[in-house]
Amino acid sequence: MGAPPGYRPSAWVHLLHQLPRADFQLRPVPSGFAPQEQEYQQALLLVVALAGLGLGLSLIFIAVYLIRFCCCRPPEPPGAKSPPPGGGCVTWSCIAALLVGCTGIGIGFYGNSETSDGVSQLSSALLHANHTLTAIDHLVLEMMERLDEAVRTELTTLEEVLTQRTELVAATRGARRQAEAVAQQLQGLAFWQGVPLSPLQVAEDVSFVEEYRWLAYVLLLLLELLVCLFTLLGLAKQSKWLVIVMTVMSLLVLVLSWGSMGLEAATAVGLSDFCSSPDTYILNLTREETGLGSDILNYYFLCNQAVSNPFQQRLTLSQRALANIHSQLQGLEREAVPQFPSAQKPLLSLEETLNVTEGNFHQLVALLHCRGLHKDYGAALRGLCEDALEGLLYLLLFSLLSAGALATALCSLPRAWALFPPRNPSASCSGSHLSEPFLHARLEPVPHLRSFPSCRRRPH
């Protein structure tokens with residue numbers, strides 16, 4: 001198999017492709033890309049299940065930690081007003097975890113952009129390939145219509161004009177047979193005509209799915225960013241209600257992070273299997289969907305010296321027939337026009353049609369060469385297997401950092417809000433907490449003043 005120009009499987013593709021795979025019965029599964037096989041589907045679902053297992057273990061650990069914190073705390077001695085030791089470390093560990101989560105959010109935005117760029121490159125390659133195939137069909141149809149029109153009008157008129165010269169009529173009929181032969185050969189060059197698979201439809205479907213995937217990740221990233229920022233704000237303001245609300249939101253985002261991690265891991269593993277050897281799978285899939293022959297598909301997907309052009313014979317015969325028509329028209333112009341001046345107009349029209357047809361034919365030969373479509377194939381693989389896969393790995397790193405940071409924050413937040421000082425209801429109504437010490441001072445009894453000798457009044 002010949003690799004597309006500029007595409008080589010990256011180190012990440014080789015690394016992920018070497019990871020062991022197993023089905024639900026933990027039996028080894030080959031790493032070849034086979035999404036239609038049940039064992040391979042189970043292997044990818046098992047990767048998603050591992051992320052679910054990680055979520056379950058995280059929730060169990062958080063629950064055990066919080067139960068131990070709530071139920072196993074030693075009783076505080078009466079009258080103790082100082083916070084327990086280690087409170088500052090708990091708050092700072094929560095802040096550090098949230099900052100790590102913010103770093104993961106930045107990585108997630110970059111990975112989301114890289115994935116979107118790769119899918120956009122895939123869609124652009126499919127659109128360009130669709131333009132090439134459409135241009136081939138259009139050129140073939142136009143050339144056939146021009147030749148059919150020339151046979152029905154100009155050549156028929158020319159035969160009627162030259163009826164008195166048998167040899168000239170024979171030359172005209174020879175040009176007619178050559179034009180019909182060219183039309184017959186051209187009919188087999190529109191190989192994509194009538195094929196149910198449309199690259200345009202595939203590109204539209206890919207773009208539609210990618211648009212919603214990109215939007216979903218942006219919303220997830222923004223949600224986690226808001227949770228981190230408002231949690232930091234709650235810690236700075238020592239607001240219990242805000243920290244409690246953000247704790248519940250952190251639990252929700254933790255579940256979403258583990259879920260996205262499972263999808264990203266399974267997609268990255270499957271994509272690495274595809275990108276390690278894409279030609280075989282693409283050839284088989286395209287053959288099933290289009291019904292085209294192996295010679296045509298091998299020529300465009302492989303495009304090497306070992307595979308010959310399946311249209312070469314048709315192109316050669318068409319080119320020879322066009323050259324024969326051109327020489328016959330030149331002979332008729334030399335011999336027929338001096339004797340039959342009325343034959344000049346159909347001959348000039350035939351030469352114009354022939355010139356346009358030859359120009360379209362050379363353009364058709366260039367489009368039928370494997371270089372253009374094979375270049376689009378290579379661009380699609382680079383977008384999918386380089387940029388998109390790299391973006392998926394960055395998203396996987398984001399999910400991992402997010403899950404770790406949120407799990408740490410969920411363990412630290414309850415201990416952090418327990419250290420917040422209680423708020424006095426009367427102080428909250430007055431709007432100032434600074435008046436609280438003065439209220440206590442007014443309620444305390446005023447001690448009797450001791451009389452000192454130096455303070456006695458002397459009688460006047």
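Please read every residue number as a count from 1 along the shown chain.
Glycine is no exception: its Cβ is also placed from the backbone N, Cα and C atoms.
Because TrEMBL annotations are produced automatically, they should be read as predictions rather than curated entries.
With a cut-off of 8 Å between Cβ atoms, the residues of this chain six or more beyond the transmembrane segment (43-67) that come close are 21-24, 29, 254-255, 258-259, 261-263, 265-266, 269-270, 403, 407, 410-411, 414. Taken from TrEMBL, the feature transmembrane segment applies to 43-67 (among others).
The transmembrane segment annotation in TrEMBL covers 88-110 (among others). Sequence-distant contacts of the transmembrane segment (88-110) (same chain, six or more residues past either end, CB-CB distance under 8 Å): 217, 220-221, 224-225, 228, 231-232, 235, 391, 394-395, 397-402, 404-406, 408-409, 412-413, 415-416, 419.
Here TrEMBL flags 214-235 (among others) as transmembrane segment. Long-range neighbours of the transmembrane segment (214-235) within the same chain, counting only residues 6 or more positions beyond its ends whose Cβ lies under 8 Å from a Cβ of the stretch, are 91, 94-95, 98, 101-102, 105, 108-109, 112, 115-116, 242-243, 245-247, 249-250, 253, 256-257, 260, 395, 398, 402, 406, 409, 413, 416.
Packing against the transmembrane segment (242-261) from elsewhere in the chain are residues 51-52, 54-55, 58, 217, 220, 223-224, 227, 230-231, 233-235, 395-396, 399-400, 402-403, 406-407, 409-410, 413-414, 416-417: each is 6 or more residues past its ends and has a CB under 8 Å from a CB in it. Annotation comment: TrEMBL describes 242-261 (among others) as transmembrane segment.
Per TrEMBL, transmembrane segment is recorded for 392-413 (among others). For the transmembrane segment (392-413), the residues of the chain that approach it from at least six positions outside its boundaries are 12, 54-55, 58, 61-62, 65-66, 90-91, 93-94, 97-98, 100-101, 103-105, 107-108, 110-112, 114-115, 217, 221, 224, 231, 243, 246-247, 250-251, 253-254, 257-258, 260-261, 264-265, 267-268, 271, judged by C-beta separation under 8 angstroms.
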